[in-house]
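Novice: I am attaching a structure below and will ask some questions about it afterwards.
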Amino acid sequence: MSERQRPTVPLQGGGEGRLAPGTTQNPDLYERIQVEIAKYPNRRSAIINALRLAQEEYGWCSPEAIGEVSRAIDLSPATCQAVASFYDMFFLQPVGTHIVEVCTNVSCALMGAGEVLGALEDELGIRDKETTPDGLITLRTVECMGACGWAPMVVVNERYQEHFQPEDARALVADLRSRPRTTHGHGH
Ligand code: FES
């Protein structure tokens, strides 16, 4: 399929999820995606950046977020959803204000990631891939984050916490609970 020209008139409104390519219900996000598209010879190459922006906006890759990316980048919602599902960094379910990620790959596992995860689960009262009932904190395990030399690794709101120990769980959770709540995350 040939490359489409950049849509010139992003429109608002229309039926839920039934907008045509090049239209938007979120003009600000649409424009930011266009800035990313302009960096590539093929607009569809910007899909990862577009998904990131949409996730920042909506808090997760919600149907609305996927719809905006789909129309801005001219790929089907199913394709955008499939790309999002391939990468760990995209959330396919609603998440809390704070995201706590525990690497459980080999290096971290050997250095005690299982105990770290258990300590965080106990402190939060939830299990892997769950969010606290108040919607504040999501806990999830992730694959190697390329920081094996600092195992066990925990990432909090995209910031690395090196050599995290089970006994660090209590202070971390207390700190997160003391921070102001934000609508979409991931309160740094
Ligand atoms: S195995 Fe945990 S960061 Fe690589």
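Placed from the backbone N, Cα and C atoms, the Cβ positions cover glycine too.
TrEMBL feature annotations, pasted as is:
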- Cys103, Cys108, Cys144, Cys148: [2Fe-2S] cluster binding site (BINDING)
- 1-25: region 'Disordered' (REGION)
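Help me picture where these features are in the structure shown.
Specialist: Reduced to three states, the DSSP call for Cys148 ([2Fe-2S] cluster binding site) is helix. Of all the Cβ atoms in the protein chains shown, 16 others lie within 10 Å of the Cβ of Cys148 ([2Fe-2S] cluster binding site).
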Novice: Which residues, in sequence order, are found in the same chain with Cβ within 8 Å of the centroid defined by the Cβ atoms of Cys103, Cys108, Cys144, Cys148 at the [2Fe-2S] cluster site, excluding those residues themselves?
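Specialist: Filtered neighbour residues, in order: Thr104, Asn105, Val106, Ser107, Ala109, Ala113, Glu143, Met145, Gly146, Ala147, Ala151, Pro152, Met153.
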Novice: Near Cys103 ([2Fe-2S] cluster binding site), which residues of its own chain have a C-beta under 8 A away, given they sit six or more steps off in sequence?
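Specialist: Listed in sequence order, they are Ala113, Thr141, Val142, Glu143, Cys144, Met145, Ala147, Ala151, Pro152, Met153, Val154, Val155.
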Novice: List nothing but the one residue from Cys108, Cys144 whose Cβ has the fewest other Cβ atoms within 10 Å; the candidates are the binding-site residues.
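Specialist: The binding-site residues Cys108, Cys144 were compared, and Cys144 has the fewest Cβ atoms within 10 Å.
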